[in-house]
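Student: Structure in structure tokens, see below.
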Amino acid sequence: MASSTHGVTPHPTRRVLLRATGMAALGSGAAVAVVHLTATAAGDSLAVTAPGTTTPAGVPLAVAVIAALIGAVAGGVLAALLARTPRPRPLFVALTAIGLVLSFGSPFGAASTTATALWLCVMHGAVAAVTIPVLARALPLERAR
């Protein structure tokens, strides 16, 4: 990928975005695993009520990690879609930041306790803390015209 001192580059190659998406997925999966293990070690069951049910059930570690992987891959798809816009990186960061803020609402609707909702929000933040900067670095500030 060519670059200049002004951050203007042609669109990133598929390989660059695929590599960044893979790194984001691995990192976010690991980050969520750490948060999940910390929450359960602190005594939180991470119980949520799934749509269409009335009984709360704990979120298994594997489900949390898979959700993190899906989030990172979705971020990679968004990055690929935005790669050909005039300002890919700022647009990606803005849209993902908005998505993160909006994602904080869902845990409070599904969690059985406030503590669980807060732990789930920390998981959302952990995925974003890894995924957004890794994918943003793979995008140019501006696309060459």
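Heads up, the Cβ atoms here are built off N, Cα and C, so glycines get one too.
The structure displayed is predicted, hence computed values, not measured ones.
Per TrEMBL, the features are:
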type     : residues : note
TRANSMEM : 16-39    : transmembrane segment
TRANSMEM : 59-83    : transmembrane segment
TRANSMEM : 90-111   : transmembrane segment
TRANSMEM : 117-139  : transmembrane segment
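Buried or exposed, and what's around them? Tell me for each listed feature.
Tutor: Packing against the transmembrane segment (59-83) from elsewhere in the chain are residues 11-12, 14, 17-18, 20-21, 24-25, 27-29, 31-33, 36-37, 46-48, 91-92, 95-96, 120, 123, 126-127, 130-132, 135-136, 138-139, 143: each is 6 or more residues past its ends and has a CB under 8 Å from a CB in it.
Below 8 angstroms of C-beta separation, residues 47-50, 75, 78-79, 82, 117-118, 120-121, 124-125, 128, 131-132, 135-136, 139, 141 of the same chain, each at least six residues beyond the ends of the transmembrane segment (90-111), sit close to that stretch.
The list of residues near the transmembrane segment (117-139) in space but at least 6 beyond its ends in sequence, with Cβ under 8 angstroms from a Cβ of it, reads 12, 16-17, 19-21, 23-24, 27-28, 31-32, 34-36, 39, 44, 46, 48, 59, 64, 68, 71-72, 75-76, 79, 82-83, 88-89, 92-93, 96-97, 100, 103-104, 106-108, 110-111.
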